[in-house]
């Protein structure tokens, strides 16, 4: 027989295609679609047949089956869109992930349908019912693998009634237990609504070949019955073949490989046996006598056997040259595993594998000829090597086929092989040795069960290269047989013959190009192979004949629609059958708590009774139940299925499986205000989410008594001030209010901080009651209105310049309305001494003020823009030079100094500093303009022109006056304004601005300057008192019967934004631990059958921010939260008219804000904290959660655990803590058998210095879950859960009480370090507790031993205390510390103090701030923020090893470091450690930057960068002819920057550019100017008296430094924006960036 033999079926001549258009869908979307007009009339026939009924289309590959499916999908969608059919989806099933991707892309290209793709890679297995409903609701067609659909149907996430059309790609698989068959049998036939079915296949027979026509007919009938469809085959294929041309079948024969390598094989076998013995010998060490190491050994031995088998197969079938490539491939795959393995036992076994491979490679290379590679490059090299037996004839034949292709690069050839290793090795051989330089060669393998398989992404990438012609020769397994579209494939070679008819038909169909060839490589003289080929070809004829000519009812079979063993949930319709329950039980066990040393899994034990099988199922200890016995059954496999079915029923009844029969997981929190179309809103309790809330009114300040006509009795509270500097005196005041304050609100003390370095100690003490008559009340009311408006507001509104009528606020007939929510009086006291027994109100000062107002009332005349003339005194007579005539009186010049006066023309209150004896009103006004030309000739001229005032005594000396100023927030410690390194103040007291005014324009007020100075302190004092009253009000609402200090509650509701000397941060930290502790105890007692994982999930849900937010909102806590700094400019006393109103634009008429979607935002631009005049303010949602935690912490500090429980229950947190259940726990533990471990337990008790009353608790606490595999039904996991919260509370409580002056952020770091697994593990090793651990894991023992060794080496090295060592810390060591704590806690009846007595010595020495070591990556990030540099990090992987590369650009040096590890976190830590070491060499460390950080955080708290600059600074003018891009390797092209011109926009854009290019942050400096009058900017008069100019310096590494000065602005941030904008424009000129506004 000739080597080349033509195919049995010659290709018929092609026919022209008919033009029969398919009805199109109405356009719906904007996506263009490709033409779906049927290629041939035959396809139209198939389509119409499918419309008439369920159809199985049998068509060759490439003939258009998928197009028919797309046409059907479009038709079904058209009916739904037209309203002709109810809303249902089309489900397109494909058996592989690759086909799912391919069909998804086809549907997207050829339709405008809304299509979704589902595969295992898309994590569909994690979807719940709601997610499925959402996805199905918004898509018209879903492409998925059949197992996903089967699972969705079983769990009732999807029902058959929701599907209008089922499309089965490669439907010949619908047999046996394949998901295709399961879908039909379990759900299709039992559904009241049955969707249409369309199946596609190239061959309906999936076996090795039908021996008779009858057998073929049986296969077809069975497929039709399963899919409830009829086979449809096109009889006349001529027209189809014009689009899918037939392939020429060519047989290539090769000689059998007769070379004998018995000597080599025997040596390889000896080595294999030898290394197998060495593997067995690994078990002799003590750590390897456990089940897990047995499993590793068994797996390792099987792997070695498989590797050996592959080598022998390659030697027998391919020859020793390719076998050497096989061994090299094995070495390359195992070496990375060996290098990165951290388990000593596994590493040792892998090293033995490597040794075997090296020995095998050495043996093989010994028999290979020298220079065989060069020989292969010669023309006859392969023939020579074949003759000598170094490559098989089969491989040589393949080489000759490739040679026959010539040098054409248009060849696209698929070479099918059976084994992955064959594809890899032959591909390497061809590419590396054979000289086929004109061809690009690669391989493509699949199969998720094989370690050698390529990932789906790599498969798709390789296939795309092949389609594009960038790969010519592609070695592949059966992954490309089914349905993969490679239309330009010119040749298909079956290096290994197809095993089934389907494989034959489908691989032949891959050759789609005209004149393509399908080459079968057949061993010469092998009759078995020839018969196999003949049977497959014969079956093709049988299939065609059966489909065309058989009788419709020729054969009939019974179809088992659904197994009799099922379980259904009536509420959802979820249904499971016995055969799927085993996997469901395994899935349930996978959800149980596990670690590296213990994987919970079910155990089946089958016994035989009277010839029947009965199975006992045992579940892990932490499952809902431990064992169940199934019914008798006819087979062992069925008995496992039935007992699993019974177990699933019981798990569902116990609530472990939900109503969809899915293992129960914690449902996501129910979030308020969220709907399906509002996904942009972040969840409650998050920082990103902003909510609008109101402010709770202080009830103690509410009232209407100021308007009472009768005598009123008020409570009095004396306010005294004592300055820490001599000579600074402040008058005392009295606060009068109707209600009586709590005894810890008054008396109270507070410190007021003044600049520079001045402090005023303030006390508020109750002084009993006082009765005021109507007259006194009126005068006191007038005094308060006069002074607070005169100092902080205005007594006159309107001006001559503005054109508005000048209006006196005290004009007759007008009364200032007092806010009923703020009702109190502040009156001066006569004696300003610090301690005063009696209370003496300074009525003279009060009445003097009233007299001044009366005088203005009586003298006010018609023209309200002119000063009343009768207020001005007569001309001075002779001899009165020492008398100064004021507006209301005349005084001796010696009495005028330090008096308080009121300006008639401005209505402002001043303090007289001195007389300016050498200056009168007739003198030049130029001095007031600081040397500039003045438009006024004199003071007389100035007052006449500006105010219309005629000076009557121009000869009088002017008075030098100190202007009144705005109130300041004096509650914020100015110590934070000190330079951390020098101690010098960073902010200085502003230069005082003085006024020069003629005396006759001033009204003298009979009050002292001490009284006036005290007014500036009162806003801060009253604000603090209001806060204390608010906290006291909240305390009354909570209603605990014991006293909780009001200062604690105030601290708990005060956020950092308030800029106070205290905040909720510390209490929040403590409250978090208290919540975790209380909820943990309650859950532990309440749910004795819940495992640790479930308890942890329940606790997390109970104390998460979303839950706490809900509780806080329920109690209206948001109204009490103090979330903004005290703003004295907006503070008003009762009777004071606000100069800075903030009208409410929130759309709410009440102070309370309802819970509604429109009052929630996640836009970061929303300003948080600033309230409107109704008290509405935007607040971070997390702030409310933080306050709940802080209040719990406050009550715990003030009243212990009982008070904390009270406030938690007040919030609505469900806490029971039934202590009767504790005795049940102890009783159950007492039954644990501890006799065999009594010596071990007593020894451990001695180390703990505590004797357990219930020894079983300690035994349970030291028992690892891995012992469950040996029959132990208890472990430490639940005790670990309890002990975790106990130790967390104890350590947090210790830190809170001990480190009172530590920053809250550092306190959090300390707690994290103290409760870390590393710290607990070190304590366990230090006290030798680990030796008592009961476990059944050799890997665990090995890791503990290695860690103990590493720990002992580091002992005594103080600098390495709690450093992150290279040796991984076994989590188990930390777990047993927590579990023992839980055991002690239970044994002592929940006595936390006794637990602390026992564990404090064990954990000592406790970490202190000076010993705290941050994780390297965290430390590096903080250091980068301090030095103003950006850290760049890139992650790659090499095998199982993760590689982290970090780069940090300093001023003129780029630091680069790498970290390698199997764990990404550890690799990141290693890289960060190397960067830190480099920085330390340059004198940069986090400790050195801490003092500077304090300075920077205060001066420019919104900008985290270094304000100092160094080095030479070049002006931007020097850069005009310099192209910076030439000196910057990092800038490849211009960076496109979005630029917002609003405040902060230019700075953000510049910072983003620096981050992208890894430049250091820019540096800013300020110059401030102060003016006597409001400054004019851009032609408009502003309300500001200060201006700022910012200078920006940007250092570009390895290039230059650019400096710019911005324009003048009224605040620092705007000045920074101006400078940043100029810098951006220059960088754009230099072609570094493109700014887009």
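The backbone N, Cα and C atoms fix where each Cβ goes, and this holds for glycine too.
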(request) May I ask you to indicate which of 161-164, 165-168, 169-172 is given in Swiss-Prot as motif 'DECH box'? (result) 169-172
(request) With DSSP as the reference, give the number of residues of the domain 'Dicer dsRNA-binding fold' (581-671) in helix, strand and coil. (result) 28 helix, 22 strand, 41 coil
(message) Applying the under-8 angstroms CB criterion, which one of 46-222, 1031-1200, 1412-1481, 1545-1629 scores highest with the domain 'RNase III 2' (1241-1389)?
(response) 1031-1200
(message) If you count, for each of the binding-site residues 62, 64, the other Cβ atoms lying within 10 Å of its Cβ, which residue has the minimum?
(response) 62
(message) Checking distant contacts: for the motif 'DECH box' (169-172), what same-chain residues at least six beyond its ends satisfy Cβ-Cβ under 8 A?
(response) 56, 66, 69, 92-95, 99, 103, 180, 199-201, 203-206, 223, 227, 482-483, 502
(request) Look up residue 61 (ATP binding site) in the DSSP assignment and report helix, strand or coil. (result) coil
(request) Could you tell me whether the domain 'DRBM 2' (1545-1629) and the domain 'DRBM 1' (1412-1481) are in contact, taking contact to mean 3+ Cβ pairs under 8 Å with a sequence separation of 6 or more? (result) yes
(message) Using the alpha carbons only, what distance in Å do you get between residue 63 (ATP binding site) and residue 1214 (Mg(2+) binding site) once rounded?
(response) 66
(message) Just to be sure I understand, if DSSP states are collapsed into helix, strand and coil, how many residues of the motif 'DECH box' (169-172) fall in each?
(response) 2 helix, 1 strand, 1 coil
(request) Grab the pLDDT values for the domain 'RNase III 1' (1031-1200) and give me their mean, rounded. (result) 89
(request) Taking only the Cα atoms, work out how far residue 66 (ATP binding site) lies from residue 1214 (Mg(2+) binding site), in Å, as a whole number. (result) 58
(request) Helix, strand, coil: count each for the residues of the domain 'RNase III 2' (1241-1389), based on DSSP. (result) 104 helix, 2 strand, 43 coil
(message) As a test of the contact definition, list every same-chain residue at least 6 positions from residue 65 (ATP binding site) whose Cβ is closer than 8 Å to its Cβ.
(response) 46, 57, 59, 200, 201
(request) Mind tallying the domain 'DRBM 1' (1412-1481) by DSSP state, helix then strand then coil? (result) 30 helix, 25 strand, 15 coil
(request) Quick one: pull the CA-CA distance for residue 62 (ATP binding site) versus residue 1214 (Mg(2+) binding site), whole Å only. (result) 65
